[in-house]
Amino acid sequence: MEKLTILLLVAAVLMSIQAVNQEKHQRAKMNLLSKRKPPAERWWRWGGCMAWFGLCSKDSECCSNSCDVTRCELMPFPPDW
């Protein structure tokens, strides 16, 4: 009976260690995936600037150097427009 109790305790400890290791591996995998840029964002970015119709907050973020509030414009429009 004592041997069975020890065997069950060892099995429980091994299963809990395995569960902890799997959880750590899953978190590491999620962190790796969350650091990657989505394909759409990779496609819109060229050399550090945002291409046409990409999200922006200031002119210098756009390749055209023209941010219209939230999106990059294809080209800067003349001020008299």
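Just so you know, glycine gets a Cβ as well, placed from its N, Cα and C.
According to Swiss-Prot, the protein carries these features:
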type	residues	note
DISULFID	CYS49-CYS63	disulfide bond
DISULFID	CYS56-CYS67	disulfide bond
DISULFID	CYS62-CYS72	disulfide bond
SIGNAL	1-19	signal peptide
For this session: Would you find the one among the disulfide-bonded residues CYS56, CYS72 whose Cβ has the most company, meaning other Cβ atoms within 10 Å?
Result: CYS72
Exercise. Per 10 Å Cβ neighbour count, which of the disulfide-bonded residues CYS49, CYS62, CYS63, CYS67 ranks highest?
Worked result: CYS62
Problem set entry | CYS56 (disulfide bond) to CYS62 (disulfide bond) - Cα separation in whole Å | 7
